[in-house]
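Undergrad: Following this message is one structure expressed as structure tokens.
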Amino acid sequence: MGDRSPFETDMLTLTRYVMEKGRQAKGTGELTQLLNSMLTAIKAISSAVRKAGLANLYGIAGSVNVTGDEVKKLDVLSNALVINMLQSSYSTCVLVSEENKEAIITSKEKRGKYVVCFDPLDGSSNIDCLASIGTIFAIYRKTSEDEPSEKDALQPGRNIVAAGYALYGSATLVALSTGQGVDLFMLDPALGEFVLVEKDVKIKKKGKIYSLNEGYAKYFDAATTEYVQKKKFPEDGSAPYGARYVGSMVADVHRTLVYGGIFLYPANQKSPKGKLRLLYECNPVAYIIEQAGGLATTGTQPVLDVKPEAIHQRVPLILGSPEDVQEYLTCVQKNQAGR
């Protein structure tokens, strides 16, 4: 028997990690407070997700949110948790949530300098069947001197200060970036703390998996149809790509980050502007994927370069391993040239 203890006595928790990053940046501590408040909300949502069946949190709350999705009871709870925790961090001025039609302006006595865009419970249509769901967020600095308003949230993803997502799967995981790579943390239920499990994650240059909803194949444009066909029937005689699609974006994006490959939710005849929302779905995951060395595009430009015009704006999203995304873009350019 060695003398190695099964207990780590100098573990890097996410709380400690956030404080260290703040100290290195010689910041005011506001971003540290904000991230720690976000983590508290994520822990609370994780607990609610685990207890959902017992606590009668499954099912529909009886309303439809601003983007047309039926609101689940867990959606309502998660949204309230995130809003309350962020506003009580004394570091936010504007909040944009998938569940709220208009931006939420923090009251003057609790106001700080950050804007947060978030989806409190992504993939909530999967709640009742116990598939993985998640929370997504992106943090920006307020850039104007005016009174806080919705306009403060209409910033391109290049302005993101920090972004991440939580995945409530077989364990609860947080992927976080403050602009210096992507780190992964796992929730240790015994400690009630997120612990660093992987530092500076890098996506593979090329993967072996493609992920999209092929039920919409009837509506695909020529470029998407051609690309998917190439993955199924490779012209060079190589093995076809595997197909994986959960239907919960956080789960599909995280698998793409870990295993490589490509995730596609392109524009189609049914959703000509795309389906996923730019501010609180596409920008945060595009930021994470780019920080890990991948690419994220709308098919015409990098996602992070899109200048938002509305807080619930939708855009196409294609992301993943750089060589796979580049191959998709080659199909797009070829089809545009052939018109």
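For all residues, glycine too, the Cβ spot is worked out from N, Cα and C.
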Undergrad: Quick test of your reading of Swiss-Prot: among 3-10, 107-114, 267-274, where does it put region 'Important for interaction with ALDOA'?
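TA: Among 3-10, 107-114, 267-274, the range Swiss-Prot annotates as region 'Important for interaction with ALDOA' is 3-10.
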Undergrad: With V18, T28, G29, E30, L31, T32, K113, Y114 listed by Swiss-Prot as AMP-binding, which of these, R50, R141, is given for the same site?
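TA: Candidate listed by Swiss-Prot for the same site: R141.
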Undergrad: Which of these, E20, E226, E235, E281, does Swiss-Prot say binds Mg(2+) 3 at the same site as D119, D122?
TA: E281
Undergrad: Could you tell me the C-alpha distance between E98 (Mg(2+) 1 binding site) and Y216 (substrate binding site) in angstrom, no decimals?
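TA: So the Cα of Y216 (substrate binding site) lies 24 Å away from that of E98 (Mg(2+) 1 binding site).
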Undergrad: Measuring Cα to Cα, how many Å separate D122 (Mg(2+) 3 binding site) from S248 (substrate binding site)?
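TA: The Cα atom of D122 (Mg(2+) 3 binding site) is 7 Å away from the Cα atom of S248 (substrate binding site).
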Undergrad: In the motif 'Nuclear localization signal' (204-208), how many residues does DSSP call helix, how many strand, and how many coil?
TA: 0 helix, 0 strand, 5 coil
Undergrad: My understanding is the cutoff is Cβ-Cβ under 8 Å with a sequence separation of 6 or more in the same chain; which residues meet that for E214 (substrate binding site)?
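TA: Once residues fewer than 6 apart are set aside, E214 (substrate binding site) is near V228, A243, Y245.
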Undergrad: Taking Cα atoms as reference points, rank the binding-site residues L31, K113, Y216, V246 by distance from L121 (Mg(2+) 2 binding site) and give the first.
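TA: So, spelling it out, the nearest of the binding-site residues is V246.
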Undergrad: Sorry to bug you, but what's the C-alpha spacing from D119 (Mg(2+) 2 binding site) to K113 (AMP binding site), rounded to the closest Å?
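TA: With distance taken Cα to Cα, D119 (Mg(2+) 2 binding site) is 20 Å from K113 (AMP binding site).
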